[in-house]
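For reference, the structure is listed below as C-alpha coordinates.
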Amino acid sequence: MASTTLNLNLSTFTASLPPFSSSPSSKFSALRVSNSSYFPSRRLALLHLGSVLPHSPLLDVKASNLLRADGNTVDRLMAQAATSTTTKENVLDWVKNDNRRMLHVVYKVGDLEKTIKFYTECLGMKLLRKRDIPEDRYTNAFLGFGPEDSHFVVELTYNYGVDKYDIGNGFGHFGVAVDRTVELIKAKGGTVTREPGLVKGGSTKIAFIEDPDGYKFELLERGPTPEPLCQVMLRVGDLDRAINFYKKAYGMELLRVKDNPDDKYTIAMMGYGPEDKNAVLELTYNYGVTEYDKGNGYAQIAIGTDDVYKTAEAVKLSGGKIVLEPGPLPGINTKITACLDPDGWKTVFVDNIDFRKELE
(Lines of atoms letter the chains of each structure in order from A; the text may use other names.)
(Lines give C-alpha, C1' and ligand atoms only; values in the text may rest on other atoms or scores of the structure.)
Protein backbone atom coordinates (compact mmCIF):
# COMPACT_ATOMS: atom_id res chain seq x y z
CA MET A 1 0.00 0.00 0.00
CA ALA A 2 2.85 2.37 0.89
CA SER A 3 4.49 1.65 -2.47
CA THR A 4 1.28 2.52 -4.35
CA THR A 5 0.93 5.81 -2.49
CA LEU A 6 4.53 6.63 -3.15
CA ASN A 7 4.23 6.06 -6.90
CA LEU A 8 1.11 8.21 -7.05
CA ASN A 9 2.83 11.04 -5.20
CA LEU A 10 5.81 10.90 -7.52
CA SER A 11 3.63 10.77 -10.61
CA THR A 12 1.55 13.69 -9.39
CA PHE A 13 4.67 15.71 -8.62
CA THR A 14 6.40 15.12 -11.96
CA ALA A 15 3.18 15.62 -13.90
CA SER A 16 2.69 19.02 -12.29
CA LEU A 17 6.06 20.26 -13.48
CA PRO A 18 5.93 22.51 -16.57
CA PRO A 19 7.38 21.00 -19.73
CA PHE A 20 10.78 22.24 -20.82
CA SER A 21 12.30 21.98 -24.25
CA SER A 22 15.75 20.44 -24.49
CA SER A 23 16.46 22.48 -27.59
CA PRO A 24 19.23 25.09 -27.20
CA SER A 25 16.94 27.56 -28.96
CA SER A 26 14.31 27.39 -26.22
CA LYS A 27 13.74 30.39 -23.99
CA PHE A 28 14.83 28.45 -20.92
CA SER A 29 18.06 27.30 -22.51
CA ALA A 30 18.85 30.82 -23.70
CA LEU A 31 18.25 32.14 -20.22
CA ARG A 32 20.34 29.47 -18.59
CA VAL A 33 23.28 29.95 -20.96
CA SER A 34 23.18 33.75 -20.80
CA ASN A 35 23.16 33.91 -17.01
CA SER A 36 24.10 30.65 -15.36
CA SER A 37 24.42 32.32 -11.95
CA TYR A 38 20.66 32.83 -11.97
CA PHE A 39 20.15 29.11 -11.34
CA PRO A 40 21.05 27.14 -8.20
CA SER A 41 23.22 24.05 -8.18
CA ARG A 42 22.07 20.51 -8.86
CA ARG A 43 22.47 19.84 -5.13
CA LEU A 44 20.05 22.68 -4.33
CA ALA A 45 17.53 21.20 -6.74
CA LEU A 46 17.67 17.92 -4.85
CA LEU A 47 17.18 19.75 -1.57
CA HIS A 48 14.07 21.39 -2.94
CA LEU A 49 12.78 18.04 -4.15
CA GLY A 50 13.14 16.73 -0.63
CA SER A 51 11.18 19.67 0.75
CA VAL A 52 8.27 19.06 -1.65
CA LEU A 53 7.86 15.27 -1.38
CA PRO A 54 6.96 13.31 1.81
CA HIS A 55 10.02 11.93 3.60
CA SER A 56 10.56 8.19 3.91
CA PRO A 57 13.47 5.83 3.25
CA LEU A 58 11.51 4.29 0.38
CA LEU A 59 10.85 7.71 -1.14
CA ASP A 60 14.53 8.62 -0.97
CA VAL A 61 15.43 5.51 -2.95
CA LYS A 62 12.73 6.09 -5.54
CA ALA A 63 13.63 9.78 -5.98
CA SER A 64 17.30 8.93 -6.30
CA ASN A 65 16.58 6.33 -8.96
CA LEU A 66 14.31 8.76 -10.77
CA LEU A 67 16.99 11.44 -10.89
CA ARG A 68 19.67 9.04 -12.09
CA ALA A 69 17.38 7.68 -14.78
CA ASP A 70 16.10 10.95 -16.23
CA GLY A 71 18.43 13.87 -16.85
CA ASN A 72 15.53 16.02 -18.05
CA THR A 73 13.91 15.66 -14.64
CA VAL A 74 17.00 17.20 -13.05
CA ASP A 75 16.69 20.18 -15.37
CA ARG A 76 13.05 20.51 -14.41
CA LEU A 77 13.87 20.36 -10.73
CA MET A 78 16.62 22.94 -11.15
CA ALA A 79 14.19 25.29 -12.85
CA GLN A 80 11.59 24.76 -10.13
CA ALA A 81 14.20 25.41 -7.45
CA ALA A 82 15.27 28.60 -9.23
CA THR A 83 11.67 29.78 -9.39
CA SER A 84 11.02 29.08 -5.73
CA THR A 85 14.20 30.83 -4.58
CA THR A 86 13.82 33.80 -6.92
CA THR A 87 11.15 35.39 -4.76
CA LYS A 88 9.61 38.77 -5.21
CA GLU A 89 11.63 40.16 -2.33
CA ASN A 90 15.09 39.15 -3.51
CA VAL A 91 14.44 40.17 -7.14
CA LEU A 92 13.35 43.63 -6.03
CA ASP A 93 16.29 43.85 -3.61
CA TRP A 94 18.59 43.01 -6.52
CA VAL A 95 17.13 45.92 -8.51
CA LYS A 96 18.25 48.36 -5.80
CA ASN A 97 21.87 47.26 -6.23
CA ASP A 98 21.90 46.85 -10.02
CA ASN A 99 24.36 49.00 -11.96
CA ARG A 100 21.93 51.29 -13.80
CA ARG A 101 22.29 54.48 -15.78
CA MET A 102 20.09 56.33 -18.25
CA LEU A 103 21.79 55.75 -21.62
CA HIS A 104 19.74 57.55 -24.27
CA VAL A 105 16.30 58.79 -25.19
CA VAL A 106 14.84 57.75 -28.54
CA TYR A 107 12.45 59.72 -30.74
CA LYS A 108 11.58 60.14 -34.40
CA VAL A 109 12.32 63.14 -36.62
CA GLY A 110 11.23 64.10 -40.12
CA ASP A 111 14.48 65.62 -41.43
CA LEU A 112 17.56 64.08 -39.86
CA GLU A 113 20.17 66.45 -41.28
CA LYS A 114 18.14 69.52 -40.35
CA THR A 115 17.73 68.28 -36.78
CA ILE A 116 21.44 67.41 -36.46
CA LYS A 117 22.34 70.91 -37.65
CA PHE A 118 19.95 72.48 -35.10
CA TYR A 119 21.25 70.43 -32.18
CA THR A 120 24.91 71.01 -32.97
CA GLU A 121 24.68 74.72 -33.80
CA CYS A 122 21.94 75.85 -31.39
CA LEU A 123 22.38 73.53 -28.42
CA GLY A 124 26.06 72.75 -28.70
CA MET A 125 25.68 68.98 -28.97
CA LYS A 126 28.12 66.78 -30.88
CA LEU A 127 27.24 64.18 -33.48
CA LEU A 128 28.61 61.00 -31.89
CA ARG A 129 27.71 58.41 -34.52
CA LYS A 130 25.24 57.49 -37.25
CA ARG A 131 24.04 54.15 -38.52
CA ASP A 132 21.95 53.50 -41.60
CA ILE A 133 19.80 50.37 -41.82
CA PRO A 134 18.66 50.39 -45.48
CA GLU A 135 17.02 46.97 -45.32
CA ASP A 136 14.65 48.31 -42.65
CA ARG A 137 14.53 51.79 -44.20
CA TYR A 138 15.67 53.90 -41.24
CA THR A 139 18.70 55.81 -39.97
CA ASN A 140 19.82 56.56 -36.41
CA ALA A 141 21.93 59.48 -35.23
CA PHE A 142 23.32 59.75 -31.70
CA LEU A 143 24.04 63.22 -30.34
CA GLY A 144 25.07 64.51 -26.94
CA PHE A 145 27.48 66.54 -24.85
CA GLY A 146 29.98 63.74 -24.31
CA PRO A 147 30.76 60.07 -25.09
CA GLU A 148 27.92 57.57 -24.87
CA ASP A 149 29.75 55.41 -22.36
CA SER A 150 29.52 58.19 -19.78
CA HIS A 151 26.77 60.59 -20.92
CA PHE A 152 23.03 60.55 -21.52
CA VAL A 153 22.43 61.19 -25.24
CA VAL A 154 19.63 61.48 -27.78
CA GLU A 155 19.03 58.83 -30.41
CA LEU A 156 17.23 60.33 -33.39
CA THR A 157 15.39 57.99 -35.73
CA TYR A 158 14.60 58.90 -39.31
CA ASN A 159 12.25 56.53 -41.13
CA TYR A 160 12.64 56.76 -44.90
CA GLY A 161 9.94 58.94 -46.44
CA VAL A 162 8.26 60.00 -43.18
CA ASP A 163 8.61 63.74 -42.63
CA LYS A 164 6.18 64.43 -39.79
CA TYR A 165 5.10 62.88 -36.49
CA ASP A 166 2.42 63.50 -33.90
CA ILE A 167 4.09 64.32 -30.58
CA GLY A 168 0.84 64.10 -28.60
CA ASN A 169 0.30 65.75 -25.22
CA GLY A 170 1.87 63.12 -22.93
CA PHE A 171 5.49 63.90 -23.70
CA GLY A 172 6.59 67.14 -22.05
CA HIS A 173 10.14 68.24 -22.81
CA PHE A 174 13.85 67.56 -22.56
CA GLY A 175 15.90 69.58 -20.10
CA VAL A 176 19.30 70.98 -21.10
CA ALA A 177 21.72 72.91 -18.91
CA VAL A 178 23.51 75.15 -21.40
CA ASP A 179 25.14 78.54 -21.60
CA ARG A 180 23.58 79.30 -24.99
CA THR A 181 21.36 82.37 -25.30
CA VAL A 182 17.94 82.39 -26.88
CA GLU A 183 19.18 85.10 -29.24
CA LEU A 184 21.58 82.59 -30.81
CA ILE A 185 18.80 80.04 -31.09
CA LYS A 186 16.51 82.58 -32.73
CA ALA A 187 19.26 83.53 -35.16
CA LYS A 188 19.63 79.87 -36.16
CA GLY A 189 15.93 79.53 -36.88
CA GLY A 190 14.80 78.09 -33.54
CA THR A 191 11.43 78.87 -31.96
CA VAL A 192 11.40 80.35 -28.45
CA THR A 193 8.13 79.51 -26.70
CA ARG A 194 9.04 81.01 -23.31
CA GLU A 195 11.47 83.87 -22.92
CA PRO A 196 14.15 83.54 -20.21
CA GLY A 197 12.88 84.16 -16.69
CA LEU A 198 12.77 82.75 -13.19
CA VAL A 199 10.80 79.62 -12.42
CA LYS A 200 7.62 80.57 -10.57
CA GLY A 201 8.42 80.51 -6.88
CA GLY A 202 12.07 79.57 -7.51
CA SER A 203 15.48 80.99 -8.25
CA THR A 204 16.41 79.08 -11.42
CA LYS A 205 16.24 80.95 -14.70
CA ILE A 206 14.74 78.94 -17.57
CA ALA A 207 13.54 79.32 -21.15
CA PHE A 208 11.67 77.01 -23.53
CA ILE A 209 12.40 76.40 -27.20
CA GLU A 210 11.20 74.01 -29.89
CA ASP A 211 13.32 72.04 -32.32
CA PRO A 212 12.37 71.69 -36.03
CA ASP A 213 9.98 68.80 -35.27
CA GLY A 214 8.24 70.58 -32.39
CA TYR A 215 9.94 68.76 -29.49
CA LYS A 216 10.27 71.15 -26.55
CA PHE A 217 13.53 71.81 -24.73
CA GLU A 218 13.75 73.50 -21.36
CA LEU A 219 16.97 75.51 -21.12
CA LEU A 220 18.19 75.71 -17.53
CA GLU A 221 20.66 78.26 -16.27
CA ARG A 222 22.93 76.04 -14.20
CA GLY A 223 26.59 75.97 -13.27
CA PRO A 224 29.04 73.50 -14.81
CA THR A 225 27.57 69.99 -14.83
CA PRO A 226 28.87 66.63 -16.05
CA GLU A 227 25.45 65.88 -17.59
CA PRO A 228 24.08 68.85 -19.59
CA LEU A 229 21.27 66.76 -21.15
CA CYS A 230 19.65 66.48 -17.75
CA GLN A 231 15.89 65.82 -17.93
CA VAL A 232 13.11 63.97 -19.73
CA MET A 233 9.62 65.08 -18.70
CA LEU A 234 6.66 62.73 -19.11
CA ARG A 235 3.08 63.20 -17.90
CA VAL A 236 1.43 60.48 -15.83
CA GLY A 237 -2.13 59.83 -14.68
CA ASP A 238 -1.37 58.64 -11.13
CA LEU A 239 1.77 60.11 -9.58
CA ASP A 240 1.96 57.85 -6.52
CA ARG A 241 1.54 54.77 -8.69
CA ALA A 242 4.26 55.98 -11.09
CA ILE A 243 6.69 56.80 -8.26
CA ASN A 244 6.24 53.39 -6.67
CA PHE A 245 6.71 51.63 -10.00
CA TYR A 246 9.90 53.48 -10.92
CA LYS A 247 11.33 52.87 -7.46
CA LYS A 248 10.53 49.15 -7.36
CA ALA A 249 10.88 48.06 -10.98
CA TYR A 250 13.54 50.49 -12.22
CA GLY A 251 15.45 51.07 -8.98
CA MET A 252 15.25 54.86 -9.27
CA GLU A 253 15.45 57.20 -6.31
CA LEU A 254 12.77 59.74 -5.57
CA LEU A 255 14.89 62.90 -5.53
CA ARG A 256 12.20 65.46 -4.79
CA VAL A 257 8.50 66.23 -5.14
CA LYS A 258 7.07 69.68 -5.73
CA ASP A 259 3.38 70.50 -5.65
CA ASN A 260 2.10 73.58 -7.49
CA PRO A 261 -1.52 73.97 -6.33
CA ASP A 262 -1.97 77.37 -7.99
CA ASP A 263 -1.26 75.80 -11.39
CA LYS A 264 -2.80 72.45 -10.43
CA TYR A 265 0.11 70.13 -11.06
CA THR A 266 2.75 68.15 -9.15
CA ILE A 267 6.18 67.02 -10.32
CA ALA A 268 8.40 64.21 -9.05
CA MET A 269 12.08 64.03 -9.97
CA MET A 270 13.46 60.49 -10.17
CA GLY A 271 16.82 59.10 -11.19
CA TYR A 272 20.02 57.29 -10.28
CA GLY A 273 21.78 60.16 -8.56
CA PRO A 274 21.63 63.91 -7.81
CA GLU A 275 20.01 66.17 -10.40
CA ASP A 276 23.10 68.33 -10.83
CA LYS A 277 25.23 65.34 -11.84
CA ASN A 278 22.85 62.93 -13.57
CA ALA A 279 20.05 62.79 -16.11
CA VAL A 280 16.69 62.45 -14.36
CA LEU A 281 13.10 61.64 -15.18
CA GLU A 282 10.58 64.37 -14.41
CA LEU A 283 7.11 62.89 -13.88
CA THR A 284 4.29 65.43 -14.04
CA TYR A 285 0.77 64.94 -12.72
CA ASN A 286 -1.88 67.46 -13.76
CA TYR A 287 -4.77 67.52 -11.31
CA GLY A 288 -7.63 65.34 -12.50
CA VAL A 289 -6.00 64.17 -15.76
CA THR A 290 -5.54 60.40 -15.90
CA GLU A 291 -4.80 59.74 -19.59
CA TYR A 292 -2.71 61.35 -22.32
CA ASP A 293 -2.25 61.04 -26.06
CA LYS A 294 1.30 59.73 -26.57
CA GLY A 295 1.37 60.35 -30.32
CA ASN A 296 3.88 58.48 -32.46
CA GLY A 297 7.01 60.63 -32.21
CA TYR A 298 8.49 60.00 -28.78
CA ALA A 299 9.63 56.39 -28.41
CA GLN A 300 11.48 55.42 -25.22
CA ILE A 301 14.31 55.78 -22.74
CA ALA A 302 17.12 53.21 -22.67
CA ILE A 303 18.64 52.21 -19.32
CA GLY A 304 21.70 50.06 -18.69
CA THR A 305 21.48 46.96 -16.48
CA ASP A 306 23.71 44.07 -15.47
CA ASP A 307 20.95 41.51 -16.15
CA VAL A 308 18.02 41.96 -18.55
CA TYR A 309 16.42 38.71 -17.38
CA LYS A 310 16.15 39.70 -13.74
CA THR A 311 15.08 43.17 -14.84
CA ALA A 312 12.16 41.73 -16.79
CA GLU A 313 11.13 39.66 -13.78
CA ALA A 314 11.20 42.76 -11.54
CA VAL A 315 9.06 44.69 -14.03
CA LYS A 316 6.46 41.93 -14.06
CA LEU A 317 6.42 41.72 -10.26
CA SER A 318 5.92 45.50 -10.06
CA GLY A 319 2.90 45.61 -12.37
CA GLY A 320 4.66 46.56 -15.61
CA LYS A 321 4.20 44.88 -18.97
CA ILE A 322 6.97 43.20 -20.96
CA VAL A 323 6.59 43.96 -24.67
CA LEU A 324 9.88 42.36 -25.72
CA GLU A 325 11.08 39.33 -23.79
CA PRO A 326 14.71 39.48 -22.64
CA GLY A 327 17.30 38.11 -25.03
CA PRO A 328 19.89 39.04 -27.68
CA LEU A 329 18.99 41.17 -30.67
CA PRO A 330 19.44 39.35 -33.99
CA GLY A 331 22.58 40.38 -35.78
CA ILE A 332 24.33 42.32 -33.01
CA ASN A 333 23.65 40.00 -30.04
CA THR A 334 23.11 42.86 -27.59
CA LYS A 335 20.75 41.58 -24.89
CA ILE A 336 17.76 43.81 -24.20
CA THR A 337 14.24 43.72 -22.82
CA ALA A 338 11.46 46.28 -23.40
CA CYS A 339 8.59 47.13 -21.09
CA LEU A 340 5.76 49.54 -20.43
CA ASP A 341 5.11 51.38 -17.17
CA PRO A 342 1.53 51.62 -15.80
CA ASP A 343 0.93 54.72 -17.99
CA GLY A 344 2.17 53.00 -21.12
CA TRP A 345 5.55 54.75 -21.39
CA LYS A 346 8.14 52.45 -22.93
CA THR A 347 11.61 51.73 -21.56
CA VAL A 348 14.31 49.49 -23.02
CA PHE A 349 16.88 47.91 -20.71
CA VAL A 350 20.25 47.13 -22.30
CA ASP A 351 22.92 44.76 -21.00
CA ASN A 352 25.84 46.89 -19.78
CA ILE A 353 28.61 44.68 -21.13
CA ASP A 354 26.92 44.26 -24.50
CA PHE A 355 26.36 48.02 -24.73
CA ARG A 356 30.05 48.72 -24.21
CA LYS A 357 30.93 46.14 -26.84
CA GLU A 358 28.50 47.76 -29.27
CA LEU A 359 30.22 51.13 -28.79
CA GLU A 360 33.59 49.56 -29.51
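Including glycine, each Cβ sits where the backbone N, Cα and C put it.
Nobody curates TrEMBL annotations by hand; they come from automatic prediction.
Here is what TrEMBL records for this protein:
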DOMAIN    101-222  domain 'VOC'
BINDING   Glu155, His173, Glu218  Zn(2+) binding site
ACT_SITE  Glu218  active site, proton donor/acceptor
DOMAIN    228-352  domain 'VOC'
Long-range same-chain neighbours of His173 (Zn(2+) binding site), Cβ under 8 Å, sequence gap at least 6?
Phe208, Tyr215, Lys216, Phe217, Glu218, Gln231, Met233
Counting only residues 6+ apart in the same chain, whose Cβ is under 8 Å from the Cβ of Glu155 (Zn(2+) binding site)?
His104, Val105, Val106, Tyr107, Asn140, Ala141, Phe142, Ala302
CB neighbours of Glu218 (Zn(2+) binding site) within 10 A?
20
